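Working notes, structure below.
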Amino acid sequence: MKLIKTLTGDRDIALLVGQVLRTGVITASAIAFVGGVLYLAKHGADSLPDYSTFTGEGKEYTTFGGIFRGLTTFRPSAVIQFGALILLATPILRVFFSLIGFAVEKDRMYVVITLLVLGIILFSMFGGLKV
Amino acid sequence: MNILIFSLILLAGAYVAGLLGSLTGLGGGVVVIPLLTLVFHVDIRYAIGAALLASIANSSGAASAYIKEGITNVRLGMFLEIATTLGAVGGALIAVFTPTNTIAILFGVVLIFSALMTVRKKHEHALQEGSRLSYVLKLNGSYPTPQGEVPYKLQNIGGGFSIMLLAGVLSGLLGIGSGALKVLAMDGAMKIPFKVSTTTSNFMIGVTAAASAVVYLQRGYIDPGIAFPVVLGVLGGAFTGARLLTVMNPKTLRYIFCVAISFVALEMIYNGLHHQF
(Lines of atoms letter the chains of each structure in order from A and count residues from 1; the text may use other names and numbers.)
(Lines give C-alpha, C1' and ligand atoms only; values in the text may rest on other atoms or scores of the structure.)
Protein backbone atom coordinates (compact mmCIF):
# COMPACT_ATOMS: atom_id res chain seq x y z
CA MET A 1 0.00 0.00 0.00
CA LYS A 2 2.77 2.36 0.94
CA LEU A 3 4.57 1.58 -2.28
CA ILE A 4 1.51 2.37 -4.37
CA LYS A 5 1.10 5.66 -2.58
CA THR A 6 4.64 6.82 -3.30
CA LEU A 7 4.32 5.71 -6.90
CA THR A 8 1.21 7.77 -7.57
CA GLY A 9 2.83 10.71 -5.80
CA ASP A 10 5.85 10.47 -8.09
CA ARG A 11 3.64 10.22 -11.12
CA ASP A 12 1.75 13.40 -10.17
CA ILE A 13 4.95 15.40 -9.81
CA ALA A 14 6.21 14.03 -13.09
CA LEU A 15 3.05 15.08 -14.90
CA LEU A 16 3.12 18.54 -13.32
CA VAL A 17 6.76 18.94 -14.34
CA GLY A 18 5.88 17.89 -17.88
CA GLN A 19 3.09 20.44 -17.98
CA VAL A 20 5.40 23.24 -16.80
CA LEU A 21 7.91 22.41 -19.52
CA ARG A 22 5.33 22.28 -22.29
CA THR A 23 3.62 25.52 -21.28
CA GLY A 24 6.96 27.32 -20.93
CA VAL A 25 8.22 26.35 -24.37
CA ILE A 26 4.94 27.17 -26.10
CA THR A 27 4.70 30.58 -24.38
CA ALA A 28 8.34 31.43 -25.09
CA SER A 29 8.18 30.49 -28.75
CA ALA A 30 4.89 32.36 -29.24
CA ILE A 31 6.45 35.52 -27.77
CA ALA A 32 9.63 35.07 -29.81
CA PHE A 33 7.48 34.62 -32.92
CA VAL A 34 5.51 37.82 -32.28
CA GLY A 35 8.75 39.66 -31.54
CA GLY A 36 10.30 38.25 -34.69
CA VAL A 37 7.41 39.40 -36.88
CA LEU A 38 7.52 42.90 -35.34
CA TYR A 39 11.30 42.96 -35.79
CA LEU A 40 11.09 42.00 -39.46
CA ALA A 41 8.27 44.49 -40.08
CA LYS A 42 10.38 47.29 -38.64
CA HIS A 43 13.94 46.32 -39.62
CA GLY A 44 13.44 43.77 -42.42
CA ALA A 45 14.74 46.09 -45.10
CA ASP A 46 17.74 47.29 -43.07
CA SER A 47 21.15 45.95 -43.97
CA LEU A 48 22.54 43.16 -41.84
CA PRO A 49 24.57 44.06 -38.76
CA ASP A 50 28.10 42.68 -38.78
CA TYR A 51 27.68 39.45 -36.88
CA SER A 52 31.15 38.20 -37.80
CA THR A 53 32.76 40.36 -35.15
CA PHE A 54 31.60 40.00 -31.60
CA THR A 55 30.66 43.25 -29.90
CA GLY A 56 28.22 41.86 -27.36
CA GLU A 57 24.76 43.14 -26.62
CA GLY A 58 24.12 46.34 -24.72
CA LYS A 59 22.46 46.67 -21.34
CA GLU A 60 19.01 46.84 -22.95
CA TYR A 61 19.26 43.15 -23.88
CA THR A 62 21.30 41.72 -21.03
CA THR A 63 19.52 42.86 -17.88
CA PHE A 64 16.02 42.33 -16.56
CA GLY A 65 15.51 46.09 -16.24
CA GLY A 66 16.69 46.76 -19.77
CA ILE A 67 14.50 44.08 -21.33
CA PHE A 68 11.42 45.18 -19.38
CA ARG A 69 11.96 48.84 -20.28
CA GLY A 70 12.15 47.85 -23.95
CA LEU A 71 9.04 45.77 -23.52
CA THR A 72 6.96 48.72 -22.29
CA THR A 73 7.75 50.59 -25.51
CA PHE A 74 7.15 47.45 -27.62
CA ARG A 75 10.65 47.43 -29.01
CA PRO A 76 10.69 44.27 -31.21
CA SER A 77 14.14 43.09 -30.07
CA ALA A 78 13.09 43.44 -26.45
CA VAL A 79 10.01 41.30 -27.14
CA ILE A 80 12.24 38.57 -28.62
CA GLN A 81 14.61 38.85 -25.68
CA PHE A 82 11.66 38.56 -23.31
CA GLY A 83 10.76 35.29 -25.06
CA ALA A 84 14.35 34.16 -24.49
CA LEU A 85 13.98 35.02 -20.80
CA ILE A 86 10.82 32.89 -20.53
CA LEU A 87 12.65 30.06 -22.26
CA LEU A 88 15.53 30.36 -19.77
CA ALA A 89 13.10 30.45 -16.87
CA THR A 90 11.28 27.28 -17.99
CA PRO A 91 13.79 24.65 -16.78
CA ILE A 92 14.48 26.70 -13.65
CA LEU A 93 10.76 26.74 -12.91
CA ARG A 94 10.73 23.01 -13.55
CA VAL A 95 13.36 22.52 -10.83
CA PHE A 96 11.29 24.69 -8.51
CA PHE A 97 8.18 22.57 -9.10
CA SER A 98 10.18 19.40 -8.45
CA LEU A 99 11.22 20.95 -5.15
CA ILE A 100 7.58 21.44 -4.16
CA GLY A 101 6.80 17.90 -5.24
CA PHE A 102 9.56 16.37 -3.13
CA ALA A 103 8.55 18.55 -0.18
CA VAL A 104 4.95 17.31 -0.44
CA GLU A 105 6.25 13.75 -0.49
CA LYS A 106 8.41 14.58 2.55
CA ASP A 107 11.45 13.24 0.69
CA ARG A 108 13.97 15.24 2.65
CA MET A 109 17.03 13.96 0.81
CA TYR A 110 15.64 15.03 -2.57
CA VAL A 111 14.51 18.38 -1.20
CA VAL A 112 18.16 19.02 -0.31
CA ILE A 113 19.41 17.76 -3.68
CA THR A 114 16.91 19.95 -5.54
CA LEU A 115 17.78 22.98 -3.40
CA LEU A 116 21.43 22.42 -4.26
CA VAL A 117 20.69 22.48 -8.01
CA LEU A 118 18.50 25.56 -7.62
CA GLY A 119 21.23 27.23 -5.57
CA ILE A 120 23.86 26.62 -8.27
CA ILE A 121 21.61 28.13 -10.95
CA LEU A 122 20.71 31.16 -8.82
CA PHE A 123 24.38 31.64 -8.02
CA SER A 124 25.22 31.76 -11.72
CA MET A 125 22.38 34.24 -12.20
CA PHE A 126 23.19 36.69 -9.44
CA GLY A 127 26.69 35.68 -8.43
CA GLY A 128 28.36 38.43 -10.40
CA LEU A 129 29.68 36.07 -13.05
CA LYS A 130 29.20 38.69 -15.74
CA VAL A 131 32.97 39.25 -16.11
CA MET B 1 21.76 40.92 -47.75
CA ASN B 2 19.07 42.60 -45.69
CA ILE B 3 17.73 41.46 -42.36
CA LEU B 4 14.55 39.90 -43.80
CA ILE B 5 16.42 37.62 -46.21
CA PHE B 6 19.00 36.68 -43.57
CA SER B 7 16.28 35.79 -41.07
CA LEU B 8 14.31 33.68 -43.55
CA ILE B 9 17.37 31.75 -44.73
CA LEU B 10 18.48 31.25 -41.14
CA LEU B 11 14.98 30.06 -40.20
CA ALA B 12 15.07 27.47 -42.98
CA GLY B 13 18.60 26.42 -42.04
CA ALA B 14 17.71 26.10 -38.37
CA TYR B 15 14.69 24.00 -39.35
CA VAL B 16 16.95 21.58 -41.21
CA ALA B 17 19.37 21.57 -38.26
CA GLY B 18 16.54 20.75 -35.88
CA LEU B 19 15.35 17.96 -38.18
CA LEU B 20 18.87 16.53 -38.49
CA GLY B 21 19.46 16.85 -34.78
CA SER B 22 16.26 15.02 -34.02
CA LEU B 23 16.77 12.20 -36.54
CA THR B 24 20.37 11.56 -35.47
CA GLY B 25 19.67 12.09 -31.79
CA LEU B 26 22.43 14.72 -31.59
CA GLY B 27 20.10 17.60 -30.80
CA GLY B 28 19.45 20.65 -32.95
CA GLY B 29 21.67 22.96 -30.90
CA VAL B 30 24.79 21.07 -31.90
CA VAL B 31 24.01 21.22 -35.60
CA VAL B 32 23.12 24.90 -35.56
CA ILE B 33 26.58 26.06 -34.40
CA PRO B 34 28.48 24.95 -37.53
CA LEU B 35 25.58 26.28 -39.63
CA LEU B 36 25.93 29.73 -38.09
CA THR B 37 29.72 29.88 -38.06
CA LEU B 38 30.66 28.09 -41.29
CA VAL B 39 27.75 29.14 -43.53
CA PHE B 40 26.67 32.49 -42.12
CA HIS B 41 30.09 33.52 -40.75
CA VAL B 42 28.54 34.52 -37.45
CA ASP B 43 30.96 34.89 -34.53
CA ILE B 44 31.02 31.64 -32.55
CA ARG B 45 29.98 33.47 -29.37
CA TYR B 46 26.66 34.59 -30.90
CA ALA B 47 26.28 31.05 -32.27
CA ILE B 48 26.77 29.58 -28.79
CA GLY B 49 24.19 31.93 -27.30
CA ALA B 50 21.56 31.01 -29.88
CA ALA B 51 22.40 27.29 -29.72
CA LEU B 52 21.94 27.22 -25.94
CA LEU B 53 18.47 28.68 -26.32
CA ALA B 54 17.66 26.14 -29.02
CA SER B 55 18.88 23.32 -26.75
CA ILE B 56 16.63 24.46 -23.92
CA ALA B 57 13.60 24.67 -26.23
CA ASN B 58 14.34 21.28 -27.75
CA SER B 59 14.95 19.50 -24.49
CA SER B 60 11.97 20.97 -22.67
CA GLY B 61 9.60 20.24 -25.54
CA ALA B 62 10.67 16.61 -25.91
CA ALA B 63 11.04 15.97 -22.17
CA SER B 64 7.40 16.75 -21.46
CA ALA B 65 6.36 13.93 -23.81
CA TYR B 66 8.83 11.39 -22.36
CA ILE B 67 7.83 12.18 -18.78
CA LYS B 68 4.24 11.43 -19.70
CA GLU B 69 5.26 7.98 -20.91
CA GLY B 70 7.01 7.36 -17.58
CA ILE B 71 10.42 6.48 -19.07
CA THR B 72 12.38 9.38 -17.55
CA ASN B 73 13.98 8.72 -14.15
CA VAL B 74 13.25 12.10 -12.53
CA ARG B 75 15.18 11.41 -9.30
CA LEU B 76 18.25 10.30 -11.18
CA GLY B 77 18.02 13.37 -13.40
CA MET B 78 17.71 15.64 -10.40
CA PHE B 79 20.68 14.04 -8.62
CA LEU B 80 22.95 14.21 -11.66
CA GLU B 81 21.94 17.82 -12.34
CA ILE B 82 24.08 18.77 -9.33
CA ALA B 83 27.06 17.67 -11.42
CA THR B 84 25.94 19.10 -14.76
CA THR B 85 24.90 22.54 -13.46
CA LEU B 86 28.08 22.86 -11.40
CA GLY B 87 30.08 21.91 -14.50
CA ALA B 88 28.06 24.23 -16.74
CA VAL B 89 28.64 27.29 -14.57
CA GLY B 90 32.34 26.40 -14.41
CA GLY B 91 32.45 25.91 -18.18
CA ALA B 92 30.79 29.27 -18.84
CA LEU B 93 33.42 30.86 -16.58
CA ILE B 94 36.35 29.18 -18.35
CA ALA B 95 34.88 30.24 -21.69
CA VAL B 96 35.86 33.88 -21.09
CA PHE B 97 39.52 32.92 -20.93
CA THR B 98 39.41 30.45 -23.80
CA PRO B 99 40.32 31.65 -27.31
CA THR B 100 37.46 31.17 -29.80
CA ASN B 101 39.67 29.02 -32.04
CA THR B 102 40.25 26.59 -29.17
CA ILE B 103 36.50 26.47 -28.57
CA ALA B 104 35.91 25.69 -32.25
CA ILE B 105 38.49 22.87 -32.23
CA LEU B 106 37.06 21.40 -29.03
CA PHE B 107 33.58 21.68 -30.51
CA GLY B 108 34.66 19.70 -33.58
CA VAL B 109 36.18 16.94 -31.44
CA VAL B 110 33.06 16.67 -29.26
CA LEU B 111 30.85 16.63 -32.38
CA ILE B 112 32.76 13.70 -33.89
CA PHE B 113 32.62 11.86 -30.58
CA SER B 114 28.87 12.49 -30.36
CA ALA B 115 28.33 11.22 -33.91
CA LEU B 116 30.26 8.03 -33.08
CA MET B 117 28.19 7.58 -29.94
CA THR B 118 24.90 7.71 -31.80
CA VAL B 119 25.84 4.97 -34.29
CA ARG B 120 27.46 2.57 -31.82
CA LYS B 121 25.80 -0.59 -30.55
CA LYS B 122 23.14 0.01 -27.94
CA HIS B 123 22.84 -2.12 -24.83
CA GLU B 124 19.39 -2.60 -23.42
CA HIS B 125 20.70 -3.92 -20.10
CA ALA B 126 18.72 -3.95 -16.90
CA LEU B 127 20.84 -4.85 -13.88
CA GLN B 128 19.26 -6.96 -11.16
CA GLU B 129 21.72 -5.92 -8.46
CA GLY B 130 22.62 -2.27 -7.82
CA SER B 131 25.45 -0.69 -5.86
CA ARG B 132 24.90 0.36 -2.23
CA LEU B 133 24.70 4.03 -3.16
CA SER B 134 21.95 3.37 -5.71
CA TYR B 135 19.70 2.21 -2.86
CA VAL B 136 20.68 5.04 -0.52
CA LEU B 137 19.90 7.65 -3.18
CA LYS B 138 16.75 5.85 -4.36
CA LEU B 139 17.95 5.86 -7.96
CA ASN B 140 16.73 2.42 -9.02
CA GLY B 141 13.51 2.32 -10.97
CA SER B 142 11.51 0.68 -13.71
CA TYR B 143 10.36 1.65 -17.18
CA PRO B 144 7.58 0.58 -19.53
CA THR B 145 8.35 -1.71 -22.48
CA PRO B 146 6.02 -3.57 -24.86
CA GLN B 147 6.60 -6.63 -22.62
CA GLY B 148 5.51 -4.73 -19.53
CA GLU B 149 7.26 -2.78 -16.76
CA VAL B 150 10.99 -3.67 -16.53
CA PRO B 151 12.85 -2.92 -13.26
CA TYR B 152 16.52 -1.87 -13.39
CA LYS B 153 19.24 -1.06 -10.89
CA LEU B 154 22.31 1.18 -11.06
CA GLN B 155 26.01 0.74 -10.42
CA ASN B 156 29.11 2.97 -10.37
CA ILE B 157 27.28 6.14 -9.31
CA GLY B 158 30.58 7.95 -8.58
CA GLY B 159 31.92 7.24 -12.06
CA GLY B 160 28.70 8.41 -13.68
CA PHE B 161 28.65 11.55 -11.57
CA SER B 162 32.22 12.43 -12.63
CA ILE B 163 31.43 12.04 -16.33
CA MET B 164 28.37 14.26 -15.78
CA LEU B 165 30.62 16.94 -14.31
CA LEU B 166 32.70 16.87 -17.51
CA ALA B 167 29.52 16.88 -19.62
CA GLY B 168 28.44 20.01 -17.75
CA VAL B 169 31.77 21.77 -18.32
CA LEU B 170 31.65 21.03 -22.07
CA SER B 171 28.04 22.13 -22.20
CA GLY B 172 28.87 25.47 -20.58
CA LEU B 173 32.02 25.97 -22.62
CA LEU B 174 30.61 25.03 -26.03
CA GLY B 175 26.95 25.93 -25.64
CA ILE B 176 25.67 22.46 -26.41
CA GLY B 177 23.56 19.95 -24.54
CA SER B 178 26.37 17.31 -24.62
CA GLY B 179 23.72 14.62 -24.63
CA ALA B 180 26.22 12.05 -25.93
CA LEU B 181 28.41 12.37 -22.82
CA LYS B 182 25.38 12.21 -20.58
CA VAL B 183 24.29 8.98 -22.22
CA LEU B 184 27.85 7.64 -21.90
CA ALA B 185 27.72 8.30 -18.16
CA MET B 186 24.35 6.64 -17.69
CA ASP B 187 24.49 3.87 -20.27
CA GLY B 188 28.24 3.16 -20.08
CA ALA B 189 29.14 3.73 -16.43
CA MET B 190 25.92 3.24 -14.51
CA LYS B 191 24.48 0.53 -16.80
CA ILE B 192 21.05 2.09 -17.12
CA PRO B 193 18.78 0.83 -19.93
CA PHE B 194 19.39 2.82 -23.09
CA LYS B 195 15.89 4.21 -23.37
CA VAL B 196 16.00 5.52 -19.80
CA SER B 197 19.48 7.00 -20.42
CA THR B 198 18.46 8.97 -23.51
CA THR B 199 15.22 10.34 -22.09
CA THR B 200 16.74 11.24 -18.71
CA SER B 201 19.70 12.87 -20.49
CA ASN B 202 17.27 14.89 -22.57
CA PHE B 203 15.38 15.87 -19.43
CA MET B 204 18.61 17.21 -17.91
CA ILE B 205 19.81 19.18 -20.94
CA GLY B 206 17.38 22.05 -20.35
CA VAL B 207 18.55 22.74 -16.80
CA THR B 208 22.20 22.29 -17.71
CA ALA B 209 21.90 24.69 -20.63
CA ALA B 210 19.94 27.21 -18.55
CA ALA B 211 22.67 27.26 -15.88
CA SER B 212 25.23 28.53 -18.40
CA ALA B 213 22.78 30.45 -20.60
CA VAL B 214 21.99 32.92 -17.81
CA VAL B 215 25.71 33.73 -17.70
CA TYR B 216 25.88 34.10 -21.48
CA LEU B 217 22.77 36.27 -21.62
CA GLN B 218 24.34 38.68 -19.16
CA ARG B 219 27.55 38.67 -21.19
CA GLY B 220 25.67 39.70 -24.32
CA TYR B 221 26.06 36.45 -26.30
CA ILE B 222 22.33 36.24 -27.02
CA ASP B 223 21.42 38.46 -29.97
CA PRO B 224 17.66 38.81 -30.60
CA GLY B 225 18.09 38.97 -34.38
CA ILE B 226 19.87 35.60 -34.42
CA ALA B 227 17.98 34.03 -31.54
CA PHE B 228 14.44 34.12 -32.91
CA PRO B 229 14.99 32.40 -36.27
CA VAL B 230 17.26 29.81 -34.63
CA VAL B 231 14.91 28.93 -31.77
CA LEU B 232 11.77 28.78 -33.92
CA GLY B 233 13.51 26.93 -36.74
CA VAL B 234 15.17 24.30 -34.54
CA LEU B 235 11.98 23.74 -32.58
CA GLY B 236 9.97 23.28 -35.78
CA GLY B 237 12.55 20.90 -37.22
CA ALA B 238 12.67 18.86 -34.03
CA PHE B 239 8.88 18.63 -34.04
CA THR B 240 8.87 17.30 -37.61
CA GLY B 241 11.70 14.93 -36.71
CA ALA B 242 9.81 13.49 -33.76
CA ARG B 243 6.80 12.88 -36.01
CA LEU B 244 8.96 11.19 -38.66
CA LEU B 245 10.60 8.94 -36.06
CA THR B 246 7.27 7.39 -35.13
CA VAL B 247 6.68 6.20 -38.71
CA MET B 248 10.20 5.22 -39.75
CA ASN B 249 13.40 3.79 -38.36
CA PRO B 250 16.10 6.01 -39.83
CA LYS B 251 19.02 3.62 -39.27
CA THR B 252 20.68 4.12 -42.64
CA LEU B 253 19.82 7.79 -42.64
CA ARG B 254 21.45 8.11 -39.23
CA TYR B 255 24.73 6.67 -40.55
CA ILE B 256 24.75 9.03 -43.52
CA PHE B 257 24.01 12.08 -41.37
CA CYS B 258 26.61 11.14 -38.79
CA VAL B 259 29.29 10.81 -41.49
CA ALA B 260 28.20 14.17 -42.95
CA ILE B 261 28.31 15.81 -39.55
CA SER B 262 31.77 14.39 -38.91
CA PHE B 263 33.00 16.17 -42.05
CA VAL B 264 31.46 19.39 -40.79
CA ALA B 265 33.22 18.81 -37.47
CA LEU B 266 36.53 18.30 -39.31
CA GLU B 267 36.02 21.63 -41.04
CA MET B 268 35.44 23.30 -37.66
CA ILE B 269 38.70 21.78 -36.39
CA TYR B 270 40.56 22.75 -39.58
CA ASN B 271 39.32 26.34 -39.44
CA GLY B 272 40.09 26.51 -35.76
CA LEU B 273 43.65 25.35 -36.34
CA HIS B 274 44.04 28.04 -39.02
CA HIS B 275 42.65 30.71 -36.68
CA GLN B 276 39.58 31.44 -38.75
CA PHE B 277 37.31 32.07 -35.78
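Placed from the backbone N, Cα and C atoms, the Cβ positions cover glycine too.
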Under TrEMBL, which of the candidate ranges B:137-158, B:225-246 is annotated transmembrane segment?
B:225-246
Can you tell me which of B:46-67, B:103-119, B:252-273 gets the most C-beta pairs within less than 8 Å of the transmembrane segment (B:225-246)?
B:46-67
With CB pairs under 8 Å as the measure, which of the listed stretches B:79-97, B:103-119, B:201-218 comes out on top against the transmembrane segment (B:46-67)?
B:201-218
Within the same chain, where does the transmembrane segment (B:79-97) have neighbours whose Cβ lies under 8 angstroms from its own Cβ atoms, ignoring anything closer than 6 residues to its ends? I mean 6 or more beyond.
48, 103, 137, 139, 160-162, 164-174, 182, 185-186, 200, 204, 207-209, 211-212, 215-216, 219
